[in-house]
């Protein structure tokens with residue numbers, strides 16, 4: 001159900017750390033509906049203030065939130081404060097007075113500087129999913145009073161501690177905040193002897209714009225090599241751009257059948273500070289190869305409606321197996337003691353999915369000893385692809401007459417596997433029994 005129409009709740013905002021040259025104040029509007037809102041600013045002489053901006057235009061909803069700020073020269077701001085922020089809304093207009101007093105004067109003229117330090121994303125990675133917000137003062141005395149507020153309502157904080165650092169007294173007051181409180185955008189305020197500092201995730205210090213991104217889902221098809229080895233197909237549904245993974249539900253379904261057992265992976269932190277989680281289910285390779293359809297269904301508290309994404313194997317209209325060629329090291333490499341290159345080429349195949357493995361005398365070699373290219377379009381007109389793999393071989397190993405075999409797996413090959421071998425003596429293909437190479441990894445699917 002949609003939120004009921006309501007006017008905004010307005011709160012003053014100031015910088016976490018005062019600037020010596022730029023005067024900045026702001027105001028935050030919370031919980032209004034509908035989203036239409038307009039800010040205006042007035043100075044102490046009731047004159048309209050220009051240079052206002054809104055960050056961003058409107059934040060999420062419903063209900064909605066928005067932030068407005070003004071900036072000017074420090075001396076001009078001090079002269080014209082306090083300022084009034086007015087928010088015009090269809091459900092009523094509200095005002096709040098705000099000023100940035102800067103350093104707090106004391107009876108003996110010694111200033112007290114107040115700063116606020118929000119938690120980092122890493123602070124929430126502990127087992128209890130909580131962190132702390134720090135309000136710190138520096139000066140030649142301890143503050144007489146520190147109070148905390150959450151969205152304008154008083155909250156309890158830990159006792160203020162103080163230490164002496166040279167001529168300064170550094171006092172610290174902390175409040176505990178859960179990851180859920182921080183992620184939902186709650187505003188926390190620290191008031192030191194009448195001076196306020198604010199912080200929240202969505203309005204860091206009341207100034208930083210927040211890049212809003214919608215939750216997205218993407219289905220990832222199983223790889224051919226995994227299907228070949230395990231005889232099963234892994235269906236992956238990737239949910240990204242989540243502020244919090246709490247309440248996430250991911251389920252895989254057969255398009256013509258029931259629900260599949262779905263496992264949720266660990267959440268992964270994205271570069272933008274949001275989270276990604278994979279939902280994974282497994283089906284038989286025969287079902288996947290047969291063209292069965294599957295549906296990923298996602299629900300999350302931040303989604304207005306559940307999301308769905310379908311997936312099935314795309315049949316190649318012009319499927320062709322690769323021709324496999326193996327080449328010995330070039331003559332130029334044989335003249336020294338450098339490492340040699342044995343090359344395998346898979347040519348003319350479609351679809352562009354295959355794997356390459358190397359063996360020496362019938363024994364598998366580590367994949368770290370070779371470099372394999374991604375399939376490249378050889379002839380776009382008839383959907384033909386080519387791929388190369390280069391195996392590094394020691395000069396002594398090659399000279400000892402070892403046989404090197406290139407195994408190529410592709411769905412259009414007989415038994416989905418082809419091989420070609422080469423050695424120093426013949427340079428011709430050698431027969432190698434590869435039926436047992438992958439047998440230990442093979443698994444039946446029922």
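Placement of Cβ uses the backbone N, Cα and C atoms for every residue, glycine included.
From 151, 382, the position flagged in Swiss-Prot as N-linked glycosylation site is 382. DSSP gives residue 382 (N-linked glycosylation site) a helix state.
Among the disulfide-bonded residues listed here, namely 135, 237, 296, 344, 406, 135 has its C-alpha nearest to that of residue 46 (N-linked glycosylation site). Counting other Cβ atoms within 10 Å of each Cβ, the glycosylation sites 45, 130 show the lowest value at 45. Other C-beta atoms found within 10 angstroms of the C-beta of residue 296 (disulfide bond) number 26, with every protein chain shown included. A separation of roughly 60 Å, to the nearest angstrom, links the Cα atoms of residue 296 (disulfide bond) and residue 45 (N-linked glycosylation site). Cα distances from residue 344 (disulfide bond) to the recorded positions 130, 135, 190, 237 are smallest for 237.
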